[in-house]
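Since the structure comes first, as structure tokens, the remarks are kept for the end.
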Amino acid sequence: MPEQTLFQPLTWSDLLVMAPELALGAWFVLLVVLELLLPRAVSRNWIGGLTLTGLLGAFTLILLRMLESNGEVISLLGDSYRVDDFASMLKLLFLAATALIVLLGLGTVRYDRAVTDKGEYFYLLLPAVIGAMTMASSGNLVTLYIGLELLSITSYVLVGLRRKSSLSAEAAFKYVITGGLSSAFILFGMSYLYGVIGSVQLAEINAALPGALEQYEALIYTGFLMMIIGFAIKIAAAPFHAWSLDVYQGAPTPIAAFLAVVSKGAALAIVFRMMFATALFASPDRTSISSVSDEVFFIVLLVAAASMLYGTLAALRQLNVKRLLALSGVANAGYLLVPIGVSFTIGHLNNMSEFLFYLIAYLLMTIGAFGIHTVVSRAAGHDELSGYAGMYYRSPWLALSMILFVLSLAGLPLSAGFFGKLFIVLGAERAQAYWIVAVMVLSSVISYYFYFGLVRQMFMRSSNGLSGASHSLDNDEDAEEGYGFRTSGTSQTLAAQEAKAGHIETAGSSEQADEESVVQSAEAKMENSLSSSLEQGDGVIRIPWPTGIVIALCAILTLALGIVPGPLVDIIQQLFSFPLPSH
Amino acid sequence: MSGLEQIPILSIILLSPLLGLVIIQLLPGQRANWLKIAVTTATLLPLALSLWLYADYDRNQGAVSYSETYSWVQAPLKMNVGGDWFFSFQYAVGIDGLSLPLLLLTAIVTAMAALAAVHVKKRRKSFFSWFLLLEFGMIGAFIARDLFVFFVFFEITLVAMYFLIGIWGYYNRERAANQFLIYNGIGSAIMLIAFVMLVNTAGFHVIETTQSLQYIYSGSYSDIIRNLSDPSAYVNLTADSIGSNPFALNETKQWAIFILLLVAFGIKLPVFPFHSWMLKVHQEAPPAVVMIHSGILLKLGAYGLLRFGLFLFPVQAREWASVLAILGLINLLYGAILAFRQQEFKLVLAYSSISHMGIVLIGLAAFNEIGLQGALFQLISHGLISALLFLIVGSLYERTGTTELSRLGGLARSMPFISGVLLAAGLASLGLPGLSGFVGELLSLLGLFESMRWVTALAVVGIVLTAVYILRSVLKITFGPQREGLTAIRDARFVEALPMVVLLAFIILLGCYPSVLTDTVQTSVGGFMDLLLATRAGG
């Protein structure tokens, strides 16, 4: 009964359970103070390094707890904070993703003149990830909301970090407005549920809903609908996605990756928990799953279908890579909503592992793609698709990794994305949701067009932006192309660039120290020509070592999961301790 | 017995192109000769092995079964029912009288296309990398015995072809590559939906281990075909002891899957309204790639239709036999009439392919042994003939810079050898007795004549049209007044002549001794006919 759990004090052992979050919080405060005290001359990359250390520390703590707890669920403060395997797994994911993003930041932030406070760039990621972790662990609506706000408010600041860029300011402003709207919808929906049930605990809501439905059906519908809308804004699911294009474009690229992966992942995770812990319930006579529950899940499926279709169709004509990736994120939010929306059926309870597997695949390919975009856009001086032109000649390994991410995003075989989508499709089919299977598969095909647009740029165009076909205007094509593309007008410079890029590539893979010096000289060069950094675009792709690590890691894991997904699936299935509804 | 079944021969054939792929990555890109030698070896290896396999299989009359199965991924499946449930993805390959001829065709055409790739001048190393990857995908698709394995290899051919068309094609290559990707992507997506529906129902089997029972859903072809043909299998029980069975494949679902498969492979084949992408590919892709596309990849569509559409759903296919026949007839006539109107030799050949694939559909629609034999014979024969024709197109284009019929003429004088081969290939294509094209057409039409006479009569009109358009274009190229500027061109070099001779030799061999092929095919087709007669469709 609610009265018993109204107040329950925090004990020391509870603090121990929350150690990862608390330690991160303390680390954050420490870094804020450190940043204030550090002289201006000291590179802020040190702060980045320390942030990374903190994240890895928290990662280890959670891993230890997971190994120790052995699947047992610990709930704190009257079940308002749950530490179960679902939460721990997600926290590990968020921390790992954030660590990758900090690495990306280390590779880019020092070249970004528009970012004035480079320290903030790193340490503000900490409260954001604490917010995401809180969301993953929340067992009641209030905790959930607090986590969400912590994540959101820090993200607003992060988006606006490029203070000298008006695009960034615009993005931050738009994000604040839509974010506020989203929170309003969520709170509104929650208030209805609380009003009817009299409790904010997910478990109690679940237990009381069947009874309450008899009297307050309309109110409960409204509550769920509002909450779904609010979360749909957060995860940028169509038709509530419009903010994401502008925000991703304006935000620093690694932060855009953070929004696409951690922010979206946390919101999706909470939709998952909320839907399965509250909305899934038996009808009063306990013989079948209630129709109201079915309809709430159906709304989720509708949002999923809209996202997949809109995300892919709108991306067909998109030429800006960041906006393209934002739309890809919209479509992927749709794919991730499918295992939530198909609910549980007799023949299919795999939703959790499908969701987590695809989330991991999505994390790897998205961060990888954003990582490549950071280096390509710096070389090109803009975010347009044409920046990728002829990349295969300039940096073949980078182009090959990009192919891998593109194949994975498009869901083609031997990539993590293929198995992710295949599992979801298999599950949705078992749940007999044939129409969503059709929407999913067909939207994947449409997406080939623009994902392969990137491939087209990298492999079939030369870097002056012309189509490779243009040199074969005259009839004697074979003769002209007899020496490959080196005969064309731009090829002299390209060959030189190729050589240079090749040099940097080898340096990146062999000696870090060498690479460091290249980066430093690059940095010096940047300083000189910085005012013109936007139109610089000399086409040489330099890969700073932290970015190189991120890209290589994402590429290897994407490929590995595409070839042997078995072990990961096993791990996820073994950890499955998410409470099933008791009926 | 040669002990061939002791070694994983199929995997060796499958992996040899990949080995070649790795080797050429290690070679310096400037050494064109080294590259050529490596690639040729990498394509000759599967050719030699599959020839050996073919001979061995023929001798044993299919008595020895070659198949390999390895578990790939076991993904646990949570059910609201007790027991250990899994999704199982396995690497399963095997051959029968249906796959083996196509495997051999793949090996022959690819090896010849590798020689024909002499015309490729730019970025040779990447060309050959994608080329070998394409061969890997094709071989895999033909020997796959698991739905997902088939799908994976099918998609690999898609990606490899995209690059081969998009980078090394002619002027409009990018559009052609895009169209190829989207059309075939839609086809494979529809195929995936059908496969997923099949796996979740008919892919069910139980494995008894020492401790417990494992309930497994997998894409294993043998399990699926066994479940579907066994009326007492769980998948065919629409009602079980508890009530309705949600995992049964009822009538509606079977029809849905059959039609999905028909559309998916119809796009690949291509069947009439879905053919526009393939014209673009024929026109824009480099000759060596068109050899493969027209010679093998189109056959993949027909193979899929036969293997998954007809073999798994004989009842449905039987009921739709007339639909198949009419689709085939439309393809045959439409292709022939449009081929007659074309001014571009490559388009003549493209429409001719549509027309000839119509004959394959007609043979399938016959639903008797002769018809099915004819369809398969036509597949192999057309694969060889169209590969040969496009090989010649490549040589012509290299010399004359055009394939417009109006700009060619009188080539017999300057290039007697190539012109002679062109004429022979043309004659084979129009079905001259003694060459392979004749046998395929005759068997298909004979088969259909038993069941649908009027369709057969109309189809014969199509055959006559074939003779007209083939002779029209071949004669225009080889005879008549010699065009200016075409007098000084040389005849075929050795490296071009060799594949022409080899392909022509196979065409003549099949024309004179059809039993080389039909005996092998018989081992599978006969089994299918037995199966068919055992089901409702036969009665």
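Glycine is no exception: its Cβ is also placed from the backbone N, Cα and C atoms.
In TrEMBL, annotation is done automatically, which means it is predicted and not curated.
Remember, it's a predicted structure, so these values are computed and weren't measured experimentally.
According to TrEMBL, the feature transmembrane segment maps to B:34-55 (among others).
Taken from TrEMBL, the feature transmembrane segment applies to B:98-120 (among others).
Non-local neighbours of the transmembrane segment (B:127-144) in the same chain are 10, 13-15, 17-18, 20-21, 24-25, 35, 38-39, 42-43, 46, 92-95, 99, 102-103, 106-107, 110, 113-114, 117, 120, 150, 152-161, 163-164, 167-168, 221, 288-289, 292, 296-297, 300, 303; each lies 6+ residues outside the stretch with a CB under 8 Å from one of its CB atoms. For B:127-144 (among others), the entry in TrEMBL reads transmembrane segment.
Annotation source TrEMBL lists domain 'NADH:quinone oxidoreductase/Mrp antiporter transmembrane' at B:144-466.
As annotated by TrEMBL, transmembrane segment applies to B:150-171 (among others). Sequence-distant contacts of the transmembrane segment (B:150-171) (same chain, at least 6 residues past either end, Cβ-Cβ under 8 Å): 120, 122-123, 126-127, 130-131, 133-134, 136-141, 144, 177-178, 180-181, 184-185, 188, 191-192, 195, 281, 283-286, 289, 293, 297, 300, 304.
Per TrEMBL, the feature transmembrane segment maps to B:183-207 (among others).
Within the chain, the transmembrane segment (B:296-314) has long-range Cβ neighbours (under 8 A, six or more residues past its boundaries) at 98-99, 102, 105-106, 109-110, 138, 141-142, 147, 150, 154, 157, 161, 191, 194, 198, 224-225, 228, 254, 257-258, 261-262, 264-270, 278, 353, 357, 360-361, 364, 372, 375-376, 379, 382-383, 528, 531-532, 535, 537. As annotated by TrEMBL, transmembrane segment applies to B:296-314 (among others).
Tertiary proximity for the transmembrane segment (B:320-340) is limited to same-chain residues at least six positions away from its ends with a CB under 8 Å from its CB atoms, namely 258, 262, 266, 271-272, 347-349, 351-367, 448, 451-452, 455, 458-459, 461-462, 465-466, 468-469, 472. Annotated transmembrane segment per TrEMBL: B:320-340 (among others), in sequence order.
Sequence annotations record features per position, and here TrEMBL assigns transmembrane segment to B:347-367 (among others).
Here TrEMBL flags B:379-397 (among others) as transmembrane segment. Long-range contacts of the transmembrane segment (B:379-397) within the same chain: residues 101-102, 105, 108-109, 112-113, 116, 119, 286-288, 290-292, 294-296, 299, 302-303, 345-346, 349, 352-353, 356-357, 360, 403, 408, 411, 418, 421-422, 425-426, 428-429, 436-437, 439-440, 477, 492, 496, 499-500, 503-504, 506-507, 510, 517, each at least 6 residues beyond the stretch ends and with a Cβ under 8 Å from a Cβ of the stretch.
Listed by sequence, the residues of this chain that lie at least six past the ends of the transmembrane segment (B:417-439) yet keep a Cβ under 8 A from its Cβ atoms are 352, 356, 374, 377-378, 380-382, 384-386, 388-389, 392, 395-396, 411, 463, 466-467, 470-471, 473-474, 477-478, 491-492, 496-497, 500-501, 504, 506-512, 514. Residues annotated as transmembrane segment in TrEMBL: B:417-439 (among others).
Positions annotated as transmembrane segment by TrEMBL: B:451-471 (among others).
The list of residues near the transmembrane segment (B:492-516) in space but at least 6 beyond its ends in sequence, with Cβ under 8 angstroms from a Cβ of it, reads 58, 108-109, 111-113, 115-116, 118, 377, 380-381, 384-385, 387-388, 391-392, 395, 415, 417-418, 421, 424-425, 428, 433-439. What TrEMBL records for B:492-516 (among others) is transmembrane segment.
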Across B:34-55, B:98-120, B:451-471, the most C-beta pairs under 8 Å with the transmembrane segment (B:347-367) come from B:451-471
Restricting to the same chain and to residues at least six past its boundaries, which positions have a Cβ under 8 Å from a Cβ of the transmembrane segment (B:34-55)?
-> 2, 4, 9, 12-14, 16-17, 19-21, 23-24, 27-28, 66, 95, 100-101, 103-104, 106-108, 110-111, 114-115, 117-118, 124-125, 128, 131-132, 135, 139, 520
